[in-house]
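Data first, discussion second: the structure below is written as structure tokens.
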């Protein structure tokens, strides 16, 4: 048998085996499943055992996976929090995007990166994922204002990150000019408005006609996903922006606890999203972190700067809104984990030659570390907020 594996049956079989084994390992080692999938991808990848390489088969699964990630992110955004706490969510979103962006650009310039590479580092620092949000629900504090502001701020940060990424991508391709700004400031907003108006109307019609057919409803969701991903590509904006727009357009149409949402999550979480994580692992080369001790120092500085920027943003917002120290630290802890969107940005950066192998592997380590640290911090400070809330109740 020749290595790496090239026959579709072998490649697909190994990927499915990795996807099945990862949760078992994650439970045993008490690691996030996302981190285990990346690690296993590295083990079986071209820089490990050499069984997998990033060929056309893996790229197809990877592409569908990252579109699926952005679709689900848009569909599961709690837009009610943003509407209810709009001003505060906007302020926090601008802070938790802008401060990490500035720190990341500064870090990139200190490391003697070019302007575009430094800007991409800033964009890598900015987004976060609400991986630890279920802890808030378990502790009974999900309805606290500080949690709502954090969720709303995440919406703002995600949108600004995607816009920033689109500008960097266009600049990399040499497409900067008046046409770019027409596409970003005129055509893209028009696409968003049309999507927000048309997709719910079409969706209600399709869902009414196929009330008993989840297959038809699921097909409609996938059609919206790839139609909008294709539309943004025609505007020379990354397809993940279209996937996110599709998710936001379907947000109110598909309730989070509905059978359709469960089917969407099932398909994504059972194949496409894990395949994306495995693909990132295949690209990584962890050995360079241990063969050169200087790389470990680089990873440490990279992570500390990123976390410090998020902490500063949470602290400034907390002081502005008069939150308690426990609430500020809970807000910070929710913005610690990085996941899919950071991987998407790093993947683009490596393919475009904007980030080198050392930085790409630092990003992978950064994701694993923040996915471990974030939930621990959230649980600890969330308990303090819960205790504070129970103390406040008799006084109200």
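Count begins at 1; order follows the chain as displayed.
A Cβ is built for glycine as well, from the same backbone N, Cα and C atoms used for every other residue.
Under the heading transmembrane segment, TrEMBL lists 6-27, 34-52, 58-77, 89-107, 113-134, 146-168, 180-199, 237-254, 266-284, 296-316, 328-348, 360-378 (among others). Annotated domain 'Cation/H+ exchanger transmembrane' per TrEMBL: 17-377, in sequence order.
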CB contact flag for the transmembrane segment (328-348) and the transmembrane segment (146-168), at least three pairs under 8 A: yes
Selection from 113-134, 237-254, 266-284, the stretch that has most Cβ pairs under 8 A to the transmembrane segment (58-77): 237-254
Tertiary contacts of the transmembrane segment (113-134) (same chain, 6+ residues out, Cβ under 8 Å): 32, 73, 96-97, 100-107, 142, 147, 150-151, 154, 157-158, 160-161, 164-165, 168, 171-172, 305-306, 309-310, 333-342, 345-346, 349, 354-355, 359, 363, 371, 374-375, 377-379
Within-chain partners of the transmembrane segment (34-52) [C-beta distance under 8 Å, separation at least 6 from its ends]: 3-5, 11, 14-15, 18-19, 21-23, 25-26, 58, 274, 277-287, 339, 364, 367-368, 371-372
For the transmembrane segment (266-284), distant same-chain residues with Cβ under 8 A (at least six beyond the ends): 15-16, 18-19, 22, 34, 37-47, 52-54, 58-59, 61-62, 64-66, 68-69, 71-72, 218, 340, 343, 346-347, 350, 360-361, 364
Long-range environment of the transmembrane segment (180-199) - Cβ separation under 8 angstroms, sequence gap at least 6: 163, 166-167, 170, 224, 228, 231-232, 235-237, 241, 245-246, 248-250, 253
Touch test for the transmembrane segment (89-107) and the transmembrane segment (237-254), at least 3 Cβ pairs under 8 Å: no
Other parts of the chain folded back onto the transmembrane segment (360-378), taken as Cβ under 8 Å at six or more residues beyond its ends: 31-32, 34-35, 38-39, 42, 124, 131-132, 135-136, 280-281, 283-286, 288-289, 295, 298-299, 302-303, 306-307, 329-330, 332-334, 336-339, 342-343, 346, 349-350
Beyond the flanks of the transmembrane segment (296-316) by at least 6 residues, Cβ under 8 Å: 92, 95-96, 98-100, 102-104, 107, 125, 128, 289-290, 328-329, 331-332, 335-336, 338, 358-359, 361-363, 365-366, 369-370, 373
